[in-house]
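According to TrEMBL:
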DOMAIN    56-94  domain 'Zinc finger Sec23/Sec24-type'
DOMAIN    132-314  domain 'Sec23/Sec24 trunk'
DOMAIN    394-482  domain 'Sec23/Sec24 trunk'
DOMAIN    493-597  domain 'Sec23/Sec24 beta-sandwich'
DOMAIN    611-708  domain 'Sec23/Sec24 helical'
DOMAIN    723-819  domain 'Gelsolin-like'
Amino acid sequence: MSEIPNADPEGIDSVRMTWNNWPRTKVEASKCVIPLAASISPIRSNPEIPTLPYLPLRCKTCTSIMNCFSRVDFTAKIWICPFCFQRNHFPPHYSMISETNLPAELYSQYTTIEYTIGDKNHNPVGEFDVKSAFVFVLDTCMIEEEFEYVKSEVKRAVGLLPENAMVGFVTFGTQVQVHELGFSDMSKVYVFRGTKEISKDQIMEQLGIGGAGRRNVPGGAVGVGGYQQQRGMPMQNSGVSRFLLPASDCEFTLNSLLDELQTDQWPVAPGNRPSRCTGVALSVAAGLLGACLPGTGARIVALVGGPCTEGPGAQTMFPNIKIHRSDAISGSLALYLASLHLFAVLLAISGARLEQEKHMVKMLFFRMKNLLVSVSSFLGDYEDADHFEVLQIISKDLSDPVRSHKDLDKDAAPYFKKAVKFYDSLAKQLVSQGHVLDLFASALDQVGVAEMKVAVERTGGLVVLSESFGHSVFKDSFKRVFDSGEKSLGLCFNGTLEINCSKDIKIQGIIGPCTSLEKKGPSVADTVIGEGNTTAWKMCGLDKSSCFTVFFDISSSEKSNAPGSANPQLYLQFLTSYQNPEGMTLLRVTTVTRRWVDSAVNSEELVQGFDQETAAVVMARFTSLKMESEEGFDATRWLDRNLIRFCSKFGEYRKDDPSSFTLNSFFSFFPQFMFNLRRSQFVQVFNNSPDETAYFRMLLNRENITNAAVMIQPSLISYSFNSLPQPALLDVASIGADRILLLDSYFSVVIFHGMTIAQWRNLGYQNQPEHQEQHTSNAYVFAQLLQAPKDDAQAIIHERFPVPRLVVCDQHGSQARFLLAKLNPSATYNNANEMAAGSDIIFTDDVSLQVFFEHLQRLAVQS
């Protein structure tokens, strides 16, 4: 099969913008409908980017870095900053600079350049040269088969780690166990209760690390954790040598531990969910890393097999009443209240769910409340009804489903907000420590990805959601995390992103896997989108595919409204500092320029700078953010209104004449992107769980524009006897009995066989000699026709993370729905007589792309 050429649209800078020519005024920018935004992949690898072994020169006024757009006075040895026009003197070691002897950062082709700004990272409190650390947090509440799968993958992952990578191990079920890998004589475990939140100081004290673990021992200095040290010996963090060891030193110990490790042994009542304290386990892992390796690149690798049902972070279902008692209550009344409370607790524990029993509990507490109110003159503390606090816990009864989108919309899952608040505080702790939370969730039930999203996303963590730990989606994705060489994800640590912009440009915020550092400045906009109110962001974890969408605004100052007085060029500079896998600290500087245009006078230049793919992805990310943050937000209506405004602004037509409507070729694909976005899993959440929706949106926000565009509008390739593989329309009309279709929707790859192809395959024609040789140069024989989409599908799977699900199906088969759900329903049960022979129909009432366009044209041309 000949490869379809694919030019790199991001180039050396890895920056794509919705508008590559910017309107000069705030008013004109608002009329563009699509926001001014840039998408950047800050550490995407490119062989053309030079690495310089010295520090960059910074402007003394705005701290931007000298770049190829800086003007240089070679005689006076001065460079002029393009952002603030400050004149800066060159340092002495630049004394030989001239027009024929330029440093690399002034070459016009090097708009992106990298500086080595630090030596290899060294842990100052321990005896190891720590470059990275991985703490595996393993769920033990699984069936035996799943548990064996995940243990096998953890063993393989540890074997793939660099020898000097530090490794820690935490398991959890009803309780949390921290394994002391440095104690190799026997299995030594520290156990934490799973029912309550534990502070970092409590974790350090129980583990005997940090200042909380020091004890006075006669005759010598006391080491961390109570270990006695000889006088004159340096104080070292014993937590590193006890709980975190190099992979080469602890691989045998950890493998032996995994061999002996069993599933959680706490009894589970029939028909109930097991007690799983995911939140406490992650808190303990974060506290362990914070005490041992603060500021050092580290990842918590959480492997979760079910929903959290114990302690902080649980998903809610069934109400539990908790009463705050006052010391003023008399003994007899206190005994009465305690008895009623105990009855309610016993009833909840017994798993009773009968309506009569529920009613009885409510009546008892209602009478109890009336009793307290009646004696309010004696007990003044109980005059306020707020003393009765209704808390929410997870229902362990399997008959009670985990929260759905409907529950969240109706605020019928109040504990959801409490769980999100817990993970938000965990995210802040991890960000302050510079550590990452990765989540690998595999279960048929929901596990709480929606609640954990804030912690994963703000730390720049990876997320993989699959049905089983034995599924290739998990196994291959998990292996990719620890692979080295060309297959490596390029995992980096402790990143920061700073943005400098020209005068009159304001930064509204970023959508992506990062956290605001609250660094104020003149470039901060009043309106906030995503992580805003800053010009600097923290990225605890990032990789070569990490992508961030930056939203900009234009100042409404009078000076910016004078096109003639403004500089014809605008400048944006992205400064990304990060620690690479080898432990080196690098600074990547990307400086880009675009033109200001007066769109009120001539919109042609503005139109020519429109990037349709980037605009579609930015709108998808913005819509997803609004759906999560704005109550009652109608995404479909909002997208429709903006698309109508957009077409009315840039379309060519006669008023009230839909047939005259035409759209410039620079905009021709954008309505189609919006049509597919309206139908996508990002907007239509009806058929997905909150966990799945959170998973889809996290990947949408972190992938580059090309991959994100495939999520919105999948690609379709057609294979037939008469031609080479070629792109096909994303339409049900593309289905043919003698064709094979390959659908790439990013999350899944579908190989769809037409009816005739499937019948021939089932009859074994591909095994007959006359179908195994190629007779003509331009046509595939049957065996090759069957193999070609398989090879292309594997090529897609091997280069993608997370690994997509592979679906092989036939026309009219049950799994054909994976293809049909993505196709334009041009043929439905309403017009089945119009479909071509061998094609198919879709049973839906959704409008087709053609009907959508007709309505769009009619509304866009209205006066």
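Each residue, glycine too, has its Cβ placed from N, Cα and C.
TrEMBL does not curate its annotations; it predicts them automatically.
Residues 103, 105-111, 113, 115, 500-503, 569, 571, 573, 575, 587, 589, 591, 593 of the same chain sit 6 or more residues outside the domain 'Zinc finger Sec23/Sec24-type' (56-94) yet have a Cβ under 8 Å from a Cβ within it.
Relative to the domain 'Sec23/Sec24 helical' (611-708), the listed stretch 394-482 leads the set 132-314, 394-482, 723-819 in CB pairs under 8 A. Highlighted: of the candidate stretches 132-314, 493-597, 723-819, 132-314 has the greatest count of Cβ pairs under 8 Å to the domain 'Sec23/Sec24 trunk' (394-482). Using DSSP to sort the residues of the domain 'Sec23/Sec24 beta-sandwich' (493-597) gives these counts of helix, strand and coil: 6 helix, 58 strand, 41 coil.
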